[in-house]
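Undergrad: Input: one structure, supplied below.
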Amino acid sequence: MARLMENVGGEKTNMQKICEKCTESPELYDWLYLGFMAMLPLVLHWFFIEWYSGKKSSSALFQHITALFECSAAAMVTLLVNDPVSLLSIRSCRVQMLSDWYTMLYNPSLDYITTLHCTQEAVFPLYTIVLIYYAFCLVFMMLLRPLLVKKIACGLGKSDRFKSIYAALYFFPILTVLQAVGGGLLYYAFPYIILVLSLVTLAVYMSASEIQSFKNLVAKKKRLVVLFSHWLLHAYGIISISRLDKLEQDLPLLALVPGPALFYLLTARFTEPSRILSEGGNGH
């Protein structure tokens, strides 16, 4: 029973089953998890802005900057309103196991008849702070983005101007449900999700952009920006997996960051679909 009532406003039971206030700072892995959850709406904003702007409008850059400002402001406000209030820091109850994320599944049943709904957040504040952050992201987006888009998105038709905003109105509820239902699973799996998705999206982008050599890669600044962004994600995933417990062993792993891009460039000419089809047609 004591374990089920572990956390009430950032309190957790000690070895003597007495509630004590959690005063620890989040571990590096906790901050990396929060950073991952904070990046999700920003990356989705940028994706849909780029998707719906394309080459039709020069306003995409301003929308990207506005999305970055919205998410940054939301993160700052979220930290300020969280305990301790008005400070850019948080106190945390350490995560012990996966079940800590789903205390609502362990509500006690009195005489196996009446369920007592007494469980609270045992991973304070990792569960609720993400939901608060998403709420502030949505508020800032609705306050800032429509005005910006209306002012500068002149190259787009009226029906296309607000599509990136409409997309956010879809993905924010999805992210909220994802955190509410799968927060615990994401906490343990996010480093691998980052690595897999960053590798797949980089390969898809380089293939779609027909980047077959280093010359093609450096031909446009945008391609270098995309490449370096993926490298940052690779490094983020590697650091999250290793947790930098042993710096002398973990830091050299960052040398693997450029590996996937180099491998793609070195092998792209051997797997070019048009070349394979042409050779097949010639009977080779």
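Backbone N, Cα and C define each Cβ position, glycine as well.
Annotations in TrEMBL come from automatic prediction, not curation.
It should be emphasised that the depicted structure is a prediction, and the values quoted were computed from it without experimental measurement.
Marked as transmembrane segment by TrEMBL: 31-49, 61-81, 124-144, 165-186, 192-211, 223-239, 251-268.
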Undergrad: Would you say the transmembrane segment (223-239) and the transmembrane segment (165-186) are in contact under the rule of three or more C-beta pairs closer than 8 Å, pairs 6 or more apart in sequence?
TA: no
Undergrad: What stretch, picked from 61-81, 192-211, 223-239, 251-268, has the most CB pairs under 8 A with the transmembrane segment (31-49)?
TA: 61-81
Undergrad: Go through the chain and flag residues at least 6 beyond the ends of the transmembrane segment (251-268) whose CB is under 8 A from any CB in it; none is fine as an answer.
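TA: Beyond its ends, the transmembrane segment (251-268) has Cβ neighbours at 199, 202-203, 206, 211-214, 217, 227, 230-231, 234-235, 238-239, 242, 244.
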